Amino acid sequence: MLLNKRISIFSFLKYIKFDIVLIVIYAVAVGILDQYGFLSRISIPIGITAVFGTAVALLLGFRTNQAYERWWEARIIWGAIVNDSRTLVRQSITFYDKKDDQYEFRIKEIVLRQIVWCYALGESLRKVDFSPKVAGYLKVQDINDQNVPNAILLKHSVALSGALNDKVINKFQQVQIDSTIARLCDSMGKCERIKNTVFPKAHSLLIHLIIYVFATMLPFGLSDNYLSVEIGLTIAIPLIFIAIEKTSILMQDPFENNPMDTPMTDLAQTIEINLKEMTGDKDIPEKKKPETYYVL
């Protein structure tokens, strides 16, 4: 997720560097050829160019809106994960029988599982190697499932069933905690839906094609009297459209390990700190401060 005070324009420009080079070369070449009369007979009415520009603006508006909705939905889902993680531990602390000999062990086990689940879910969605924290837990618990977060949730439910059988909680309390686990599972499924639903490629290609058609036509609809102005507009206007398009492309996939991602690792660390504070754990990690213009 981008941070307001540290956004680097140069880091963004690297995503459109090919387009910048291509459009600059085209604008300069057309401007010079037109100035020396080689293209002076080619003229396109500004009305036609305006129609293409309007079409691009409308398509980009729709595209950006859809991309933002996906990004915002992902952030809402992870907000729910934060809340349900706290709820799960709070319910466990208050519901479990404190007279049970294994009370502290059971609570710490729930906390550890939930912390690992949050990190594992984020890393699974990004399709990156598991961090040492997650990998170490999986090795100890002998978890080899393809869907690791789902396997961890299953362990939550198995442990909950064991607590009911041991009469550490009653049936009503078991149902309440299980409802929280079910909400965590729902959130996981929603994240997987966003991750596995590809934004229509045909729509992306159409927008990109129309932008380049517009960029090709633009210099022939401008006045030839001022070469520098003609070249400047031929470069600036299409690049603005391309920058908006690239922004929407980056936003539409919030789990791709890029600067505009939902900050899942940062949220998982927040959850870890909160849950350990709730149980009085002294081994609380220090909140990492962002070292760049974004957090993941």
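Our numbering is plain: 1 for the first residue shown, then up by one each step along the chain.
The backbone N, Cα and C atoms fix where each Cβ goes, glycine too.
Since we're looking at a predicted model, the values are computed, not measured.
What TrEMBL says about this protein:
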- 12-32: transmembrane segment (TRANSMEM)
- 38-62: transmembrane segment (TRANSMEM)
- 202-220: transmembrane segment (TRANSMEM)
- 226-244: transmembrane segment (TRANSMEM)
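Stretch with the largest number of CB pairs closer than 8 A to the transmembrane segment (38-62), among 12-32, 202-220, 226-244: 202-220. Long-range neighbours of the transmembrane segment (202-220) within the same chain, counting only residues 6 or more positions beyond its ends whose Cβ lies under 8 Å from a Cβ of the stretch, are 23, 26-27, 30-31, 34, 39, 42-44, 48-49, 52-53, 55-56, 59-60, 63, 230-231, 233-234, 237-238, 241-242, 245, 249.
Residues of the same chain lying 6 or more positions beyond the ends of the transmembrane segment (226-244) and with a Cβ under 8 Å from any Cβ of it are 12, 16, 19-20, 23-24, 26-28, 30-32, 34-35, 53, 56-57, 60, 64, 211-212, 214-215, 218-219.
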